[in-house]
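Down below is the structure, laid out as structure tokens.
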Amino acid sequence: MTSPLITKAEVNSVFQGRSLLAEKDFTPAEINYLVDFGLHLKALKQQNIPHHYLEGKNIALLFAKTSTRTRAAFTTAAIDLGAHPEYLGANDIQLGIKESTEDTARVLGSMFDAIERRGFSQKEVEDLAKYSGVPVWNGLTDDWHPTQMIADFMTVKENFGYLKGLTLVYVGDGRNNMANSLIVTGSMLGVNVHIVAPDSLHPSKEVMDIANKFAEKSGAKPLATSNIEEGVKGANIIYSDVWVSMGESNWEERVKLLTPYRITMDMLKMTGNADNGKLIFMHCLPAFHDTETEYGKEIKEKYGLTEMEVTDAVFRSKYARQFEEAENRMHSIKAIMAATLGNLFIPAVPEDFK
């Protein structure tokens, strides 16, 4: 009796050929594996050990939004892995305007081995994956930011040595993609994620339902609250993001609503961990912590504020890990790219992790 045909990818890797569109597309164990793989690749980079897992591959980088960290991370990660990255910006490619997303996906899939997309619509990135026939990586949409999550939890694991049982508190706009991704990913990995925000800016019921479903298995305790003291108590990680994205019109309303939620040294003291080495601050950047930017000057002129989501004192303090976190974007993206495109031998991932 002949054996059924089994492809190399099926034997060798649980990741090969897969897209990362949202964190929930992968299992908690797979997300943790990517975190650990990112740490491994970071060590190889620091020791100048080559890791050309994507030699000869061509990768399309599609950007509808401006980007510093995501573009730089994907570009350097691809080059380190031996691949050729090709940047296509908003003026180069306009999905759904002159050509449908389906048609564009089919064309790009015939020329490139994988596609990264940083844009607005989650459906758009899902359609790219559906029709291109190659792995697609979500570099950010309005709903999710999965590549950021691997970097973030890499940073947490670097600082604490483990994930399960830690408490990460996100303070600010609880409806944005960062809050969505943090509470879902944390619940997958056994991290207690608290969203501390005004009631009108709490995560949607759909997002909380996803988080709670994962939390039932991991033991995490996700929470959304407007009470700052309750929300930050016991925090190991205080996390922030910008209050208003560039191009949005409701600055005044949002600034008034969120000013009480600015991260200060006093807020860090409320955690109870400010003096025992069990607290760090993280921010996905860019941050409005001073007036050294055009936007910072505009905010000061309009609202009289020299700081927004975080004070300059916290941003420059011993707790701050935002630049380490930013560097980890490259290593984590490298892990995602290599795992899903590199034909690596990963037949299974450990279900138990800490």
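Using N, Cα and C of the backbone, Cβ positions are placed for all residues, glycine too.
Feature annotation from Swiss-Prot assigns carbamoyl phosphate binding site to SER67, THR68, ARG69, THR70, GLN94, ARG118, HIS145, PRO146, THR147, GLN148, CYS284, LEU285, ARG329. Shown in sequence order, CYS284, LEU285, ALA326, ARG329 are the residues of the chain, 6+ apart in sequence, with a C-beta less than 8 angstroms from the C-beta of ARG69 (carbamoyl phosphate binding site).
Close to ASP241 (L-ornithine binding site) in the fold, though at least 6 residues off in sequence, lie TYR170, GLY172, ASP173, ASN176, MET178, ALA179, HIS283, CYS284, GLU309, each with a CB less than 8 Å from its CB. Sequence annotations record features per position, and here Swiss-Prot assigns L-ornithine binding site to ASN177, ASP241, SER245, MET246.
Taking each Cβ in turn and tallying the other Cβ atoms within 10 Å, the top scorer among the binding-site residues SER67, GLN94, THR147, ASN177 is THR147. Here the C-alpha separation of SER67 (carbamoyl phosphate binding site) and ASN177 (L-ornithine binding site) works out to 16 Å. Take the Cα of ASN177 (L-ornithine binding site) and measure to each of the binding-site residues GLN94, HIS145, THR147: the nearest one is HIS145.
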